[in-house]
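Novice: Feature table excerpt (Swiss-Prot):
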BINDING   CYS10, CYS11, CYS85, CYS88  [4Fe-4S] cluster binding site
DISULFID  CYS165-CYS167  disulfide bond
Amino acid sequence: MAPKLLLHGCCAHCTAYSFKYWQEQGFAVSVYWYNPNIHPFMEHQSRLEAMRKLSAEMGFELITEPSYHMAEYFKNVSANVDGRCRICFDMRLGQTAAYAAGHGYEYFSSSLFISPHQKHQDAVCSAEALAKETGVRFAYADLRKRYSDSRHITKPLDLYRQQYCGCVYSEYERFGKPNSPA
């Protein structure tokens, strides 16, 4: 029987190749959606709907966290805006590892590790610490060189494609005026 891996899905585009990769490595993969960093709420819903479509297309089990946890996210990151990415990784991967521990998964990972736009090493450090804390093994692969492969999988599916990481800070960094105050 294949070992069970819970893959945190940050978005449909990054999840597509990540799911395929871990499945090819011999894991029974389920995808977990928990992303309280994505704002505004309708952006979160658009990305979740894209993930549901991808799940139907690729045939994976999609587990969604029923609570959005927006207030908790802002409470955690507002105290340390410069360190927000690590805090965000701790929240999302922490929830994933905890779910994995409570539901019989031997491993966890994330589609974050395919994105060239994430603070990769911070995400790795977060996942490694959470593996020690929860006892669930962290399955790691640096998939950043395969990012375009994921896009090739999802482009024909005409899924919603986001323009920023998800948080309002990244949205401002992407679209805000260069000299305007934050």
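Numbering starts at 1 and runs along the chain as displayed.
Including glycine, each Cβ sits where the backbone N, Cα and C put it.
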Novice: Tell me the Cβ contacts of CYS88 ([4Fe-4S] cluster binding site) under 8 Å, same chain only and six or more apart in sequence, or just say none.
Specialist: ASN37, TYR73, VAL77, CYS167
Novice: I want the residues beyond CYS10, CYS11, CYS85, CYS88 whose C-beta is within 8 angstroms of the mean position of the [4Fe-4S] cluster site's C-beta atoms, in chain order.
Specialist: ASN35, ASN37, PHE89, ARG92, LEU112, SER115, GLN118, CYS165, GLY166, CYS167
Novice: Sequence gap of 6 or more, Cβ distance under 8 Å: name the residues on the same chain that satisfy this around CYS85 ([4Fe-4S] cluster binding site), in order along the sequence.
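Specialist: Those within reach of CYS85 ([4Fe-4S] cluster binding site), by Cβ under 8 Å and sequence separation of 6 or more, are GLN118, LYS119, ASP122.
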Novice: Using CB atoms and a 10 A radius, I'd like the single residue among the recorded positions CYS10, CYS167 with the highest neighbour count.
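Specialist: Ranked by Cβ atoms within 10 Å, first place goes to CYS10.
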Novice: Let me check the 10 A CB neighbour count of CYS11 ([4Fe-4S] cluster binding site). How many other CB atoms are there?
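Specialist: That number is 26.
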